[in-house]
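A short write-up of the structure that comes next.
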């Protein structure tokens, strides 16, 4: 006999914008729920709409990010730090009122937004304190946590972690944390070139991060001491121009000629990794193996998607997350052929670092 109030956000508006109004989502929500959806165009003035709800009715609040209080970040230009700090202090106070008003509309609170669980926003972390005995995770959030804990907790072994993407700097925490847990780590994408530099490889003009070469060395040493294996890219598809149609050559990853840059993992390397992946019982994949936005250099990422799906079909548990990894899985129609596809980007990455996410902590406290 309950009624439902839905809170959410869309985009990154810097104020009210018709383009980002949640009103546009009403037909879609009605289709999935099978009931009419009422709408409150002001989150802070929805008392009558909320109190007037009858059992079975649904009310959608306007985009929470129309309000600076949702994210707790002052908007506008500031003449100096003093002015900015004053704005922050004022916003912190108004955020309390904003959160209290949202909480006043309901008797219990459910957080099902894993994608923003790493943000201490009003609607995901702060509001939970108003429902000390009546707060809970939604089914999606519960599923995400269970999937991640299955990999990070007591995984069936061997556990193989496949990490891609361009920057070691964005995944230091994950690398440091997972090297203690994984039996095998496959490192692809441009990240691999920072590691190649760490072992003295020649990488041509491939993208790498000079400031993180020592970090890569430390991770390699840590893995060696622990007895886990790190598999770097052994063969790469390289070009002399950052272009989808640029002529390509294959080089050993540590012997790339000057003027050439790695764009994708080569088939010979994929075959080596295939053996590792298919012999695993638990798989975690996050990040592309090459320049996924260029079709000619998306083949390595797509090959990994196929092998992960194949391993899953043979009994492995697989968790896939990250924009390009998920895009590859969906493009090839493999979403139902892996065990779990995460909806979290930054939230998943921080969870993999071992960080307790604000949106999750707020429900558990």
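For all residues, glycine too, the Cβ spot is worked out from N, Cα and C.
Of the residues 142, 293, 356, TrEMBL places 293 in the same ATP site as 171, 322, 323, 324, 325.
Long-range Cβ neighbours of residue 293 (ATP binding site) (same chain, at least 6 residues apart, Cβ-Cβ under 8 Å): none. With a 10 A radius on its CB, residue 324 (ATP binding site) counts 20 other CB atoms from all the protein chains.
Of all the binding-site residues listed here (322, 323), it is 323 whose C-beta has the fewest other C-beta atoms within 10 angstroms.
Listed in sequence order, 163, 165, 191, 287, 349 are the same-chain residues six or more apart from residue 171 (ATP binding site) with CB atoms under 8 A from its CB.
Note on residue 325 (ATP binding site): other Cβ atoms within 10 Å of its Cβ, all shown chains, come to 27.
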